[in-house]
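Here is the structure we will look at, set down as structure tokens.
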2 protein chains.
Amino acid sequence: MTAPRIDGTRLLNRIKRLGAVGALPDGGVCRLALTDEDRTGRDLLVIWMRELGLEVSIDAIGNIWGVRAGIEDGPPVMVGSHVDSVATGGLYDGVLGVMTGLEIAAALDDAGTRTRKPFAVAAFTNEEGARFAPDMMGSGVHQGALDLSEMLATVGIDGAVLGDELRRIGYAGDIAPRSLVPAAFLELHVEQGPVLEREGVRIGAVTGVQGISWTEFTVSGQSNHAGTTPMAMRHDAGLVAARIAVEARAIASDFGPPQVATVGLVEVEPGLVNVVPQTARMTVDLRNTDNERLKAAEARLREAAARFAAEEGCAVTARSLARFDPVAFDPTLVDRVENAARQRQLGVRRMPSGAGHDAQMFAPNCPTAMVFVPSVGGLSHNINEHTEPHDLVAGAEVLLDVVLDLLGETQ
Amino acid sequence: MTAPRIDGTRLLNRIKRLGAVGALPDGGVCRLALTDEDRTGRDLLVIWMRELGLEVSIDAIGNIWGVRAGIEDGPPVMVGSHVDSVATGGLYDGVLGVMTGLEIAAALDDAGTRTRKPFAVAAFTNEEGARFAPDMMGSGVHQGALDLSEMLATVGIDGAVLGDELRRIGYAGDIAPRSLVPAAFLELHVEQGPVLEREGVRIGAVTGVQGISWTEFTVSGQSNHAGTTPMAMRHDAGLVAARIAVEARAIASDFGPPQVATVGLVEVEPGLVNVVPQTARMTVDLRNTDNERLKAAEARLREAAARFAAEEGCAVTARSLARFDPVAFDPTLVDRVENAARQRQLGVRRMPSGAGHDAQMFAPNCPTAMVFVPSVGGLSHNINEHTEPHDLVAGAEVLLDVVLDLLGETQ
């Protein structure tokens, strides 16, 4: 009997074939959740699962999983991610995790391996949140963090209702949420950031997911003539917004890594060269792995915003657009990922994930971990997203090692 | 023989009748330059000029002036402003100056006054620049600061060509630019700022017009994921823009009045909560009555912008959108305005104009001055623009006194 091994060519070929579904003219893909393209991608996944003899299930939010039986019954070790994309997505975000699950199932078959625990491959609905908010929806419903009926009623950016679209594309299953807690959950994903590439490290052992806080600030001042209004009589909403943006950067600097702060959106009205802005709307994205530090950053920002507004004679309101606590992955499982990489002579570093992933929905309920591989130039959510083939395969090999360990005694 | 005097009711009535042309449903007017509404307003003005026996001339850029003969020939004392408006304009901006010219002519007639010098009332084409850029176009061509054929070729925000529109509305005259330099030029205008009202002063003796510098900064950085990109690896175009905005305010504070600085427009791309801005575009409007101080402000701002960009690993380009040197009005004439107000027991203060006006085009060529009356709440370019009737009349009376003095010995 030979040990199961990753067939890199087969893995890359499946990624390529799925990347042809919803392919964009200049590269990359558009498979927004529950569109015709998403359906075609799902259909291909289900065909592949059945070819591998997996028993396919579809739940009420459209999550798909296929189970390879173990010697014993009981919860499976699950490998999963998503196959939906943003509007201008790359080939690997999500797809890598699901295709690696298929490849592990194929590798087990090739080696004639029977495992103690069952093994499952899963693809979760609407991880991206690009058509329907919130993101990580399927895994959130699957693990009970989000309410099924509320999610089915979600209206997309195109006016479509999520439940209708699920039925339309034939993926409204009947399995209830919270019906499956795996024995363990693992997800291989591209880093979507520049750290591994910059450090020349090939494997990230992901320790958890940063907590995320999105706040929208709306500043109300007074529109005035830029020439005739003395500075002392101004109520410049745009200036308050600029000071908040500078403060957000100062918070990130003062707190130090892993604290990050981003002002992605600023809009001023009326937006004319010679008119003092009457209103400004802006967003601040704060992230930290430590919830207490994140709360401190949020408090400092809100306090500063109120102070800047008061100094300018403006009003400011703060609205939370999103708030996720940090997630810590299973320390033992993170160690296993790190050790598996070392045993394969791969450079490895422990790191938090800056982005959200399906795995974080499993972390409260079962041992969970993630493996990262480098993103060239740190690019993601971009048609030029790229990971070198040897890194994709290395990540799959590390995942295979951890999964085999978890699946237990083989014969 | 009685002395000429302003008939407030007649003046206000003309303002009201002109305000009915292009009236907006909620108040205010829209008489964008060379539209049908502007034509109707011009027609009304020409009718009134002819009713007063003025000799009407129209030049090649559509400026209209009517002359009341003097005992002697030679250049007239001219009172003028404009009758075009911004899209949501008030009743007084521009109109007050032209209607006061008509009222002075009527007052001279009523009193049976013959003046030594001729008297002229003028309305200049496209002072606002709201449909065709640049602003102060008619007076600029009239006094030789702007090129006629270039201005005739201007394309408006609606795609119309200025020369075509002039012909269409019947105001393409044949008098060449630079054919008339008045003996003196005077303009009564609403302040468009809050200073007179705040100080409880009814008359502004305008000493000149602030120099204006408009700069557009375009910052190029790198779009990156807000969660996965460490702060040290960012090239955040939005942060650079925010720092420039804060610096603009600091310049105004450090320089002190009359330096003003305004960031009226900021746009970031792609403008998403969780994406570091790749590009930012912003404008900075700097004004000062002292050209050397204005140049120093411009230099400090550009130097700071370059430094902020370099610190963030971004590129920045600065483009001048407009640059007018400060204009100083005739000191003797400014004194006369101030004295006339005092003699009428009106509170008066000397002040620069923060906004541009037709008068500044005359200042290099003939003795020129302006009179300001208070704007309630400092509002202008706004349908709620308002000046109290007694202030409108007081301004007209001060202007009349100065004009009579300039027109010379009467009989």
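Including glycine, each Cβ sits where the backbone N, Cα and C put it.
Record check, TrEMBL: Zn(2+) 2 site residues include B:Asp93, B:Glu128, and the candidate from B:His235, B:His381, B:His386 also listed there is B:His381. Filtering the binding-site residues B:Asp93, B:Glu128, B:His381 for a Cβ under 8 angstroms from any Cβ of chain A leaves B:His381, in order along the sequence. The Cβ centroid of B:His82, B:Asp93, B:His189 marks the Zn(2+) 1 site; residues of that chain outside this set whose Cβ lies within 8 Å of it are B:Ser81, B:Tyr92, B:Gly94, B:Val95, B:Leu96, B:Gly97, B:Glu127, B:Glu187, B:Val190, B:His357, B:Asp358, given in sequence order. Closest by Cα distance to B:His381 (Zn(2+) 2 binding site), from the binding-site residues B:His82, B:Asp93, B:His189, is B:Asp93. Across the domain 'Peptidase M20 dimerisation' (B:208-309), the DSSP tally of helix, strand and coil residues reads 41 helix, 38 strand, 23 coil.
For B:His189 (Zn(2+) 1 binding site), the same-chain residues 6+ apart in sequence whose C-beta sits under 8 angstroms from its C-beta are B:Ser81, B:Asp93, B:Gly94, B:Leu96, B:Gly97, B:Ser353, B:His357, B:Met370, B:Val371, B:Phe372, B:Val373.
A Cβ within 8 Å of the Cβ centre of B:Asp93, B:Glu128, B:His381, the residues given for Zn(2+) 2, is found for these other residues of the same chain: B:Ser85, B:Val86, B:Gly89, B:Gly90, B:Gly94, B:Glu127, B:Ala130, B:Gln192, B:Ser380. B:Glu128 (Zn(2+) 2 binding site) sits 9 Å from B:His82 (Zn(2+) 1 binding site), taking the C-alpha atoms as the reference points. Proximity of B:His82 (Zn(2+) 1 binding site) to non-local residues of its own chain (separation of 6 or more, Cβ distance below 8 Å) is seen for B:Gly94, B:Gly97, B:Val98, B:Ala123, B:Phe124, B:Thr125, B:Asn126, B:Glu127, B:Glu128, B:Gly138, B:Asp358, given in sequence order. In the three-state DSSP assignment, the secondary structure recorded for B:His189 (Zn(2+) 1 binding site) is strand.
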